[in-house]
């Protein structure tokens with residue numbers, strides 16, 4: 001299914017500046033948080049206690065950021081003074097969306113960072129520190145997006161074919177020794193564009209990510225430069241790509257930036273037709289499931305997982321939700337979940353976040 005732009009989406013990417021203006025961007029018309037009767041006093045106390053941690057939790061960038069940050073300090077911020085972090089009660093927010101304002105209560109993860117948007121609103125709701133963190137394989141969303149911008153793919157098409165290089169085939173053993181995720185390849189093997197994208201998005205094949213870079217731009221350096229230019233065009237000001245696979249921990253981003261990217265990617269027919277594929281069959285005829293176990297349930301229609309030890313568990317996803325009697329597309333990201341050795345922690349936190357928003 002293709003997800004077209006909503007009326008408040010930006011029609012074309014805008015060049016990023018250090019502090020993007022609101023021109024051409026829809027800012028939610030209403031934002032409200034529920035607080036107790038002693039909100040004024042509580043805000044003053046929390047503001048004093050958390051002056052050095054102003055960026056710890058925030059919902060929106062822009063004109064409402066100061067108000068939101070102060071209210072969040074009342075609801076959740078003072079918990080830092082009481083001891084170890086615990087899961088905070090969901091905070092009620094009213095946000096603009098297609099068909100009118102929506103009231104939601106996101107159940108944010110207690111650790112790491114998360115973000116979500118409704119119907120492609122470019123300024124997402126966020127939680128946690130906004131410090132750029134390693135993306136792991138979530139970087140492959142940009143690799144796929146750039147590939148499709150250069151070589152568009154219709155939803156039902158296989159696209160052009162590409163040949164695996166002898167150089168990349170020879171690197172397979174080294175990649176496996178480094179515990180990189182790969183798919184079996186042989187020198188001279190032919191991959192259609194669709195098959196390559198499925199290997200990239202479904203089984204997170206690092207070797208295919210590097211081959212895509214070669215197919216598009218002749219190698220990693222030029223392709224990574226293109227990835228970073230595209231990030232700037234999308235307003236991803238806290239993102240830096242250093243490789244096409246995300247295995248390099250210097251490839252960093254934020255949950256908010258990844259929500260911007262995934263929202264843009266879901267408007268591409270080729271991407272939308274691949275990001276929710278449940279399995280991939282490799283050249284050895286082995287069928288591997290998509291690493292995102294949320295696909296096909298709880299309204300989740302697309303996503304990309306990532307895990308490395310420096311990054312922790314990451315997930316970016318798209319899910320449909322019935323809110324106020326209308327179907328809406330939620331784009332979300334949960335990052336830097338350092339529990340376990342797989343993407344499972346990010347998947348679990350994403351499921352809790354989605355459940356807090358209502359039913360599909």
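Note that Cβ sites are derived from N, Cα and C of the backbone, with glycine treated the same way.
According to TrEMBL, the active site, acyl-ester intermediate annotation covers 137. The annotation active site, proton acceptor is assigned in TrEMBL to 140. What TrEMBL lists as active site is 204. Taken from TrEMBL, the feature substrate binding site applies to 304. If you look up TrEMBL, you'll see 132-322 marked as domain 'Peptidase S11 D-alanyl-D-alanine carboxypeptidase A N-terminal'. Per TrEMBL, the feature region 'Disordered' maps to 1-24.
Residue 304 (substrate binding site) counts 31 other C-beta atoms within 10 Å of its own C-beta, drawing on all protein chains shown. In this structure, the CA atom of residue 137 (active site, acyl-ester intermediate) is 7 Å away from the CA atom of the residue listed as 'active site'. Taken residue by residue with DSSP, residue 204 (active site) is part of neither helix nor strand, so it is coil. Long-range Cβ neighbours of residue 204 (active site) (same chain, at least 6 residues apart, Cβ-Cβ under 8 Å): 137, 140, 181, 291, 304, 305, 306. In the predicted model, the domain 'Peptidase S11 D-alanyl-D-alanine carboxypeptidase A N-terminal' (132-322) shows an average pLDDT of 98.
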